[in-house]
Every structure is written in C-alpha cells, then in structure tokens.
Amino acid sequence: MPSSLFADLERNGSGGGGGGGGGGGGGGSGGGETLDDQRALQLALDQLSLLGLDSDEGASLYDSEPRKKSVNMTECVPVPSSEHVAEIVGRQGGSGRDGDRRGFSISPTPSLEPWLPGCKIKALRAKTNTYIKTPVRGEEPVFVVTGRKEDVAMARREIISAAEHFSMIRASRNKNTALNGAVPGPPNLPGQTTIQVRVPYRVVGLVVGPKGATIKRIQQQTHTYIVTPSRDKEPVFEVTGMPENVDRAREEIEAHIALRTGGIIELTDENDFHANGTDVGFDLHHGSGGSGPGSLWSKPTPSITPTPGRKPFSSYRNDSSSSLGSASTDSYFGGGTSGSAAATSRLADYSPPSPALSFAHNGNNNNNGNGYTYTAGEASVPSPDGGPELQPTFDPAPAPPPGTPLLWAQFERSPGGGSAAPVSSSCSSSASSSASSSSVVFPGGGASSTPSNANLGLLVHRRLHPGTSCPRLSPPLHMATGAGEHHLARRVRSDPGGGGLAYAAYANGLGTQLPGLPSSDTSGSSSSSSSSSSSSSSSSGLRRKGSRDCSVCFESEVIAALVPCGHNLFCMECANRICEKSEPECPVCHTAVTQAIRIFS
C-alpha cells in the first residue's frame, strides 16, 4: 500500500545517504542528492493523498459490489385456475421435492403451441435464474418466485403471459366445440324444458357408456343437454331441451336400457323407478295408445284399452331366460299349467274387441311362447327368438271388396243354409327348449251355430261389413262333392309351401287355411276338443323333444296337425290317410276331423 511503500523508500534513502556519507571522504556532494530524492517522494505522496487512495477506503470500495449481488427478493404471482397451473408447469414440471409436494399429475395440452421459449417451469427457472415454487393441490393457484429483483420481474411477466395465452386458447376451443354440434352447457332458450329420467342404479353406467360415448350420442341425436348423475346422488338424468327433443331423449335412454338388458327389469319396492314420481316411459301402453302385451317395441293400436296400474316388466320375468318375450307362469298371455280363469280374465283386458277371433296362450312352466294379437288393421307378432324387435308389426293384405270372387268360391254354401254366426276360436302355442312350434285348435261353436269363416281376410271383411254373412270356405266331408278325397287335403299335399294362398299373411307362415267346422258338431265335442288341447299341447311338446316321430307310423317326422282338434302328432302321409277314411277321427281324442294341415315351425 502507499503508506508502507513510502516507509520503505525512506528507509532505503536513509541507508543510501549513510552509505554515501560513509564514502564521502572522497567527495562532498552526497547530501544534496539525498534531499532531492526526499522531496520527490514527498510530492508523490501528496499527490496520492489528494486522490484518496488509502488502505481503508480501497478495501471498502472493492467489498461493496459482492454485497450488492447477494440481495434477493420473493414475490407471489397468482394465475386464474389450477388448469393454468398445470399448463404452465407442464408434464413432470416440478423437480425433486417441489414436484412431489404438488400431489397431482399434469397432462400436456397437445393443441397448445409454445407461447415462449421456456414456457414450462424448468425452462422458466433456468431462463430467469430464479426459484419458482409451484402451488400445492388444494391451495390457491399462486406461484412463489424468489431471486434478484429484475429476475423476479421477468419471471412474473413470463408466468402472466403464459396464463393469458392459455385462457385465450381454452376460450377458442370451447367456441369451436359449440359450433361443431356438441352441447357446451345447459341452454337458456325460451320454450325449453327440463325433465328427470330415473333409472336403476345398476344401469347408470350402461346409459353413460364407455367414456360417455352413449350419452353423448343421445345428446347429439336428440339435440338436448343431459346431466349425468354423480355416484353419490340419485340415479336421475336431467334432460334439457325442447319438449319433443326431451321426449325423444327419454325414449332413447329407455330403448337403450331395454335393448342392452333384454327388457328384464326386476321391479321391487326399493327399486321401483316406474312409480317413483318420475315418468321414465317404460309403460307398456305408452299413454292411451297401448298395443297390448308384448308391444314395448311395436306400434300402438288405439283399439285396445290400456290397463293402468300394472308393472309390465313383471310379465317378462323368467328364471331360465333373459330375453324379452319369455313367458313365465305370471304372464299376460295366459296362466300357468292349469290355464285358470284368472289368466283368462287377464287376457280379456287385451283381447281384440271382435267376437270372431280371439287368442289364448297355454303357458307351460318356463317354455317360450309366441302370442299373436290380431286386429282389424294390424297383427302384432313377438320375435320368434324372444329378443327385442323394434318393429315386429306388419300390414296384412287388405280385405277383398264386395263382389270379388273368393279363392274357394266353389265351396260356397247356398244362402238358405243358415246365417253365419261368430265362432270363438282359440290358438294355443306351446314350445320346448329345443324346438318351438305351434299347434292350432279350432273348436266349434254351439249346437245351433253355423261355423263362420276363419280366413283373416274374410274376418276383416266381416268386421268392415257386419251386415253381410260370410260363406263357408270348406264343407265337411259328408257334404263335399266326390267323397273319395277331400279337396283341401289334396291341396295341402300338392302345395306344401303355401305359395298359392290368397293372402300374404298366410304365405308368411303365420297360418294356413282355416276352415270352419261341420254343422253336426255339438257343444260337447267342441268343449272336449278345447279341453284336450292343453294336455295334447304338453304331450306333443314332450314328444317332439324326445323323438319327433309320428305317433302312427313311428318313422316320419311330425309335420302335420288335424283340424279341428289340433293334435300335431302325425306325419303328412298318416294325417292324410286319417282324413281319407269314411269316418275320419283323431286317434288321440277321437274327435271328428275335417282336414290335415301342414305345420311350419
């Protein structure tokens, strides 16, 4: 330092002067030079003192700069939401202890372009030379930035810019989603309504679908907004939209549940969502236009009076089958094995209002049974396999206009033969687990009644023109011309496929020629034939399950039935031989038969 330097110079000068003095014996000029040197040194010292460079001041000057760099500050930077936090932090953005403390995983947004170099938290820390603490789940979305003042200010600007950019992108994304047809939120338009659709707990996930695909599809198809119930709330879907769209959405939900569950909804008091204050729409009759039993997926028929207060799905329960249409002992189509009067009274609620044709069902425990409901304009046919058919109805052929010659005009009786009276015909169908077929029974009327025509087209004609009488389609054997062979029996043999029938409803396999009975039949024979039909159906079902052999020849397959008793235990050849006898009668019930018909299973 200058002070020590000048001290050394003074010591060296004094030593030099002493040396010069010691050698001054030879000359006397040494003292003058020493004084000049001292003056020069003193002048230099004065100059240094004027500049202020002493030892203490120099030390403080050099120590001030490091002390200024060590001054840090901390600032809190809030963002709008935790989604902004996730976007700014990025995937695995937190490092070490800080990333673990946040407690939630961050997924990147693929559509978000980088707003700045270093938008993620690690790059932002490196760029701004600051420490940024990310918020913990459950806390306020606030970043804590620590560092120098200018670095903290830069980090703050970066975080706020990233948050604003993410807000703009999210707003534009929601706008595009709304324009593309998705439902962004509950609408507030006038005329819209909100209904609640209650479903069983176990089918909520079925309605929502995988990742919400099913409920989204229903929303888009019906143009409604549907709020899905949470796990801890009641299983009620809130549907908002125009009234007709809301009804469509409810029907879509119901149809989806019925289609996926087979329509089997166990109705208990704890889980009775039909009568729980919410209109779900699983009503069998759909208001005032119910179409009778088995009409959940068929078109409603206004001619049938609905029966309120029933739980429709209880009639489709079955212990061994999960498909709609499997009739158990509790069925609308008939009673149990005994066919009690209670079942008949239940059926009377759904029978067509026509005395000419009615159908009853003989249910055998858990056997599948197909019930048919014929009306003037529609025939509702359940699905053969018991599965849900959305449109199982068909339009039969129209009735022939008056004056048109009938197919079997050659068998018309004379007008003096008596007026035609309605005949109550019953169709009982039985089924086994291996094969399902139908046995048809046509018992006659009273002793004084003349059998009417059972052809579907003529029935329609009679209902449209009640004042006209319908002639017979086929006479009994003792009245037919040419007693050698019955005309209709020959027709069955020559036309097995039924292609020459007059009406398309029969060509579809729903029926064959349905002739009347001879006028000589008595009420006793008709009652015995109808009473034996139940046992014969059961026995025939067991026989078909075992061997399916003819009960006469035990060789050919059972494909024919006798009319009117309906026993389907014979092959076509044996049935024809029975009809060709002089006094044809059924070998089982000993009832007089008129013809044999082929059965199409």
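Note that Cβ sites are derived from N, Cα and C of the backbone, with glycine treated the same way.
For reference, Swiss-Prot has these:
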- 1-39: region 'Disordered' (REGION)
- Ser4: phosphoserine (MOD_RES)
- 90-109: region 'Disordered' (REGION)
- 192-253: domain 'KH 2' (DOMAIN)
- 284-332: region 'Disordered' (REGION)
- Ser320: phosphoserine (MOD_RES)
- 320-331: compositional bias 'Low complexity' (COMPBIAS)
- 344-448: region 'Disordered' (REGION)
- 362-371: compositional bias 'Low complexity' (COMPBIAS)
- 395-404: compositional bias 'Pro residues' (COMPBIAS)
- 420-442: compositional bias 'Low complexity' (COMPBIAS)
- Ser494: phosphoserine (MOD_RES)
- 514-546: region 'Disordered' (REGION)
- 519-540: compositional bias 'Low complexity' (COMPBIAS)
- 550-590: zinc finger (ZN_FING)
Counts of helix, strand and coil residues, the zinc finger (550-590), according to DSSP: 8 helix, 7 strand, 26 coil
Within the domain 'KH 2' (192-253), residues counted as helix, strand or coil by DSSP: 32 helix, 15 strand, 15 coil
Local confidence of the domain 'KH 2' (192-253) - pLDDT mean: 91
